[in-house]
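Feature list (source: Swiss-Prot):
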CARBOHYD  N157  N-linked glycosylation site
CARBOHYD  N227  N-linked glycosylation site
CARBOHYD  N239  N-linked glycosylation site
MOD_RES   S24  phosphoserine
MOD_RES   S463  phosphoserine
MOD_RES   S645  phosphoserine
TOPO_DOM  1-38  topological domain 'Cytoplasmic'
TOPO_DOM  60-66  topological domain 'Extracellular'
TOPO_DOM  88-104  topological domain 'Cytoplasmic'
TOPO_DOM  126-163  topological domain 'Extracellular'
TOPO_DOM  185-192  topological domain 'Cytoplasmic'
TOPO_DOM  311-339  topological domain 'Extracellular'
TOPO_DOM  361-385  topological domain 'Cytoplasmic'
TOPO_DOM  431-489  topological domain 'Cytoplasmic'
TOPO_DOM  511-523  topological domain 'Extracellular'
TOPO_DOM  545-554  topological domain 'Cytoplasmic'
TOPO_DOM  576-581  topological domain 'Extracellular'
TOPO_DOM  603-657  topological domain 'Cytoplasmic'
TRANSMEM  39-59  transmembrane segment
TRANSMEM  67-87  transmembrane segment
TRANSMEM  105-125  transmembrane segment
TRANSMEM  164-184  transmembrane segment
TRANSMEM  249-269  transmembrane segment
TRANSMEM  340-360  transmembrane segment
TRANSMEM  386-406  transmembrane segment
TRANSMEM  410-430  transmembrane segment
TRANSMEM  490-510  transmembrane segment
TRANSMEM  524-544  transmembrane segment
TRANSMEM  555-575  transmembrane segment
TRANSMEM  582-602  transmembrane segment
Amino acid sequence: MIPCRATLSFARCLIRRKVVTLDSLEDSKLCRCLSTMDLIALGVGSTLGAGVYVLAGEVAKADSGPSIVVSFLIAALASVMAGLCYAEFGARVPKTGSAYLYTYVTVGELWAFITGWNLILSYVIGTSSVARAWSGTLDELLNKQIGQFFRTYFKMNYTGLAEYPDFSAVCLILLLAGLLSFGVKESAWVNKVFTAVNILVLLFVMVAGFVKGNVANRKISEEFLKNISASAREPPSENGTSIYGAGGFMPYGFTGTLAGAATCFYAFVGFDCIATTGEEVRNPQKAIPIGIVTSLLVCFMAYFGVSAALTLMMPYYVLDEKSPLPVAFEYVGWGPAKYVVAAGSLCALSTSLLGSMFPLPRILFAMARDGLLFRFLARVSKRQSPVAATLTAGVISAVMAFLFDLKALVDMMSIGTLLAYSLVAACVLILRYQPGLSYEQPKYCPEKEALGSCASAASKSKSQVTVLPEWGFSLRAFFSPSLLPTKQSASLVSFLVGFLAFLILGLSILTTYGVHAIARLEAWSLALLVLFLVLCVAVVLTIWRQPQNQQKVAFMVPFLPFLPAFSILVNIYLMVQLSADTWIRFSIWMALGFLIYFAYGIRHSLEGNSRDEDEDEDTHSNNVHTAAEEKSAIQANDHHQRHLSLPFIFHEKTSEC
């Protein structure tokens, strides 16, 4: 019995949930000074990085052609699905932590640590790679004099290291780390200036493109493309068409447009940094959803406009993949405009760098405050900024940018981001089908009808960790759900969400690695495809039939459960597309994370310590009560440990520092 009890106790530690109360919201040590406009600027600056100056040309030439505008539309719709899930959690749980916190309060501590640990990796690599890109852009403007100097005197000939140490990237990272340590208000002001310049440059590109553009560039015939290929002595493609496609608006067909959309999806990554500002916004319940949705809309309009202008200015097949906009302006006779584009590119890289550095210390701060990482990272300065986490993040990112060649590591950013998107969407599904939520105390009391009251369970005012709610469901809940959510319906939905993720993973692997078998109509592949599709549809429809919680918050995801389910599908499919080398590196990073968690985090978890204190108090109380009172207290405490805790709905907080 003892080993079984120890195993059960260990399992409870892994799935214990964080409870966020009104008291903990008021206890924030960070400065609440950001406005809705600050969040929009932060989201736009982080998302609308240098990719807008490069990605459009690359995708248009290789995948989509003029239909790149459709690719960006599809990618934007897929990104909005993830954004809406973040927006609902931002309205429900306006605390620092983003996807890490949302996972912690919904599915438990282990998944929360995995999410936070991978977000740390994503932001570190993102910060370092953007800093090196900023340094490279500056070097291009100076005719590559900086790079030539360091190659001559500081060249590094070691596998895995950069060609030369990038002092410019280090100085930039440390400068921004100092700015972020000084205060969030000052950082937001600098971000708004750079974002405004970036938007103005992109507006100039759009206007110039529509003025100098030619609609004929979208109506290029297939015969014309074949003649060009023949004159260049380039062999035709496998289907006999030109290597530049069949011409027209979709030269590579709708499959090419979809392939372009998969690439363009990553252009919208970055809005999640808004969700880390929950304790620094004056009105988080409204500001965070508005900031996320508006920033994605602005970014889509920018990507749509720039890509449309670019494919009007010059034929898609002659676009330059590395510097499409400067080459396009030279093509139409506006060569000096490339300096305007260069200035906008530097501003875009600056805001993108700030957007990567801003959430990183806040994830470190949130995990350290909960005890899952080292406590010194939770120190706050007199200006109410997470200074220890900010400086630590800056030093780590600076070392990465200084020494390493990050090209091989960039794909690892995608794992952390896509995993976070998937978990947040799954958490929204689980959350919305839970029994009634209250503001501070246990939200579901199954003993109420039997005992007449659950006052003894609700008497404690402080937050409690929740472990091992009563799982299990009946066939009646499956085939004939009740009108209101119950413990059984909530357990059923939680199980089905996990099963749906498993089915989507299998479907993604099949359509990725068995696509040729499906194309050849092989029986086994078609049978598996039909099985996965039927089961996915059945699971989603079963979830749809379950009763939802009717409590309202400032923002709620529409079209439940279809929208979050489709978001999970998109994210898992994109994760499966990553290379085996990327997953091997990811496994090494996760092994390091599990070492830290099981050696330090699981023993220092604030939620675990709170639970131990509560158990000690209950033991002392039980020793001094009568036998009848002792029995009643044990029953109440048993319920308190079993009830399913979920995020609270907070009153709006609008006070300013």
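The count begins at 1 with the first shown residue.
Using N, Cα and C of the backbone, Cβ positions are placed for all residues, glycine too.
As the structure is a computational prediction, the values presented were derived from the model and not from experiment.
Taking every recorded stretch in 67-87, 524-544, 555-575 and counting its Cβ pairs under 8 Å to the transmembrane segment (490-510), the highest total belongs to 524-544. Rounded to the nearest whole angstrom, the C-alpha distance between N227 (N-linked glycosylation site) and N157 (N-linked glycosylation site) is 46. Of all the glycosylation sites listed (N157, N227), N227 sits in the most crowded Cβ setting, with the most other Cβ atoms within 10 Å. N227 (N-linked glycosylation site) falls within a helix when secondary structure is assigned with DSSP. For the transmembrane segment (386-406), the residues of the chain that approach it from at least six positions outside its boundaries are 30, 123-125, 127-129, 131-132, 156, 160-163, 165-167, 169-170, 173-174, 176-178, 180-181, 357, 360-362, 364-365, 368, 376-380, judged by C-beta separation under 8 angstroms.
In the predicted structure, the topological domain 'Cytoplasmic' (185-192) carries a mean pLDDT of 90. With a cut-off of 8 Å between Cβ atoms, the residues of this chain six or more beyond the topological domain 'Cytoplasmic' (361-385) that come close are 18, 29-31, 95-98, 100-101, 104, 109, 112-113, 116, 119-120, 123, 180-184, 276-277, 392-393, 596-597, 600-601, 604-609, 657. In this chain, the transmembrane segment (582-602) lies out of contact with the transmembrane segment (67-87); the count of Cβ pairs under 8 Å, excluding pairs fewer than 6 apart in sequence, is fewer than 3. Tertiary neighbourhood of the transmembrane segment (249-269): same-chain residues 47, 51-52, 55, 58-60, 63-68, 70-72, 74-76, 78-79, 218-220, 225, 296, 299-300, 303, 316, 414, 417, 570, 574, 577, selected by CB-CB distance under 8 Å and a gap of 6+ residues from either end.
Mapped onto DSSP classes, the topological domain 'Cytoplasmic' (361-385) shows 13 helix, 0 strand, 12 coil.
The stretch with the most CB contacts under 8 Å to the transmembrane segment (39-59), chosen from 105-125, 340-360, 410-430, 555-575, is 340-360. Proximity of the transmembrane segment (582-602) to the transmembrane segment (340-360) is not established, fewer than 3 Cβ-Cβ distances being under 8 Å for residue pairs spaced 6 or more apart.
In the three-state DSSP scheme, N157 (N-linked glycosylation site) falls into the coil class.
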